[in-house]
Amino acid sequence: MDEVEYTGEYVQAHEDLVLDHTWWWAVQISLSVVALFANFIFLVTVIYNRKRHDLQTFVTAIIITIAVLDIVDVIRVLPVLAEFLFFEEIFRHIFCSFGVFHELAVAVFLVILSVAVCVQAGKEIKFYQSKSSWIHKLMIPLVVLLAAGAAAPFFLLPYESLSHTCTDPFRVLNVTNMESEEFSLDLYSTLVMVFTYVLPLLVIPIAVPIASLRTCIGRQCCVSRFKQPIGELIMVTSMSIIYLATVVCIILPRIDDMLKLEAVNLGRAPLLWELGNDAIRPLIYFMTNPAVWDGLQIMCCKKKNRLVNEDDEEIEVPLSPVTTV
C-alpha cells in the first residue's frame, strides 16, 4: 500500500466518498427511503404489540435498539450528499463520531445476539426470569454508552479523508510505526477494527452453527410451539451472514488495489453497503420473526375478535423464545 505523507490538511474530494454516478444516487436514495420506512414500521409494530409475551424478549430488545441505531445512521449519511457540508469541519467530526458509534454498537450487538441464541438453543425456559431480566436491561444501555464513549474522542484525531465510518481497518499495517504523525489514528482504527471486524468474524461463525446444532439435537425443528425461538435463530443467522458478507465486500476492493488484481476490478461503494444493511435488517425482522409478523398482521388487520388475546398468549406460548427482558 502506498504511503501518503501526512500534511495536516483535509485533502479528500467529495466525489471520493459520494460517487458522481446516476446509479449511485438512485441506489442511495432508494436504500435510505427503505431503511427509514421499514425500521419505522418495525418500531411502530413492536410498540403497538408491546403486551405480547413473545415480543418481551432479550432478542427483541436488541433488534429494537439496532433499528433505532439504523435510523440514526441513515440520518447521519444523508447530509454528506451536500458538498458544502462535506467540507465543514464540525460536520465531518459529527459524521465520523456517529459512524464509529453505529459500527461499534451494531457489531457488538450482533455478537451478543449470536451468543444468546447459542446459549439458549434447545432449552425450555419459562417467561419472566427476574434475575436474567436485570442483567439484560443493564447490558443494552451499557453497550450503547461504551460505543458512544469510544466514538466521542474521534474529533481529537488527525485525518485527511473520510470513509463510510472514517476508520480504516488497513491502518493496522502502520500501527507499529509509533513515530508516525498519524499513529494515534492508526491505533484507534486498529482498536475499532478488533470489535467491528475481528470479534464478529471469530464469534459468529462458531456460535450460530452451534446454536443450530443444539436446536436440532433438542428436536425443536418443525414443532409449532417452538416457532418463535426457531424464527429468532433464523433471524440472527440471516443478519450475521449479511453483516459478514458486507465486511468482505468493503474490504475486497482495498485488497484488490493492494495486490493489483486487474482481472477482479471490484468497485467501491462502502456507503451503499452500510445503507443496504440498514435497509435489509428490518425486512429480515418481518420475514423471520413470527412475533413481529403476527404483530404487523394484528396492527394492519384490526379484527373485532382477535385469535390471540393476552390470556391465550400465556397458554399458547409458554416458552421464552430466547431470554426475556
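Any Cβ shown, glycine's included, is placed from N, Cα and C.
The feature transmembrane segment is assigned by TrEMBL to 23-46 (among others). Sequence-distant contacts of the transmembrane segment (23-46) (same chain, at least 6 residues past either end, Cβ-Cβ under 8 Å): 55, 60, 64, 67-68, 70-71, 74, 77-78, 81, 269, 271-272, 275-276, 278-279, 281-283, 285-286, 292, 295-296, 299.
The annotation domain 'G-protein coupled receptors family 1 profile' is assigned in TrEMBL to 38-285.
Summarising the annotation, TrEMBL assigns transmembrane segment to 58-78 (among others).
Per TrEMBL, transmembrane segment is recorded for 90-117 (among others). Only residues 6 or more beyond the boundaries of the transmembrane segment (90-117), in the same chain, are considered here, and those with a CB under 8 A from a CB of the stretch are 10, 58-59, 62-63, 65-66, 69-70, 72-73, 76, 79-80, 139, 143-144, 146-148, 150-152, 154-155, 159, 162, 164-167, 192, 195-197, 199-200, 203-204, 207-208, 211, 229, 232-233, 236, 239-240, 243, 277, 322-323.
Sequence-distant contacts of the transmembrane segment (138-159) (same chain, at least 6 residues past either end, Cβ-Cβ under 8 Å): 6, 8, 10, 61-62, 65, 93, 96-101, 104-105, 108-109, 112, 166, 181-182, 184-185, 188, 191-192. As annotated by TrEMBL, transmembrane segment applies to 138-159 (among others).
What TrEMBL lists as transmembrane segment is 187-212 (among others).
Under the heading transmembrane segment, TrEMBL lists 233-255 (among others). Packing against the transmembrane segment (233-255) from elsewhere in the chain are residues 59, 63, 106-107, 110, 113-114, 117, 121, 164, 169-170, 197, 200-201, 204-205, 208, 211-212, 215, 261, 264, 266-268, 270, 273-274, 276-277, 280-281, 284-285, 288-289: each is 6 or more residues past its ends and has a CB under 8 Å from a CB in it.
In the predicted structure, the domain 'G-protein coupled receptors family 1 profile' (38-285) carries a mean pLDDT of 81.
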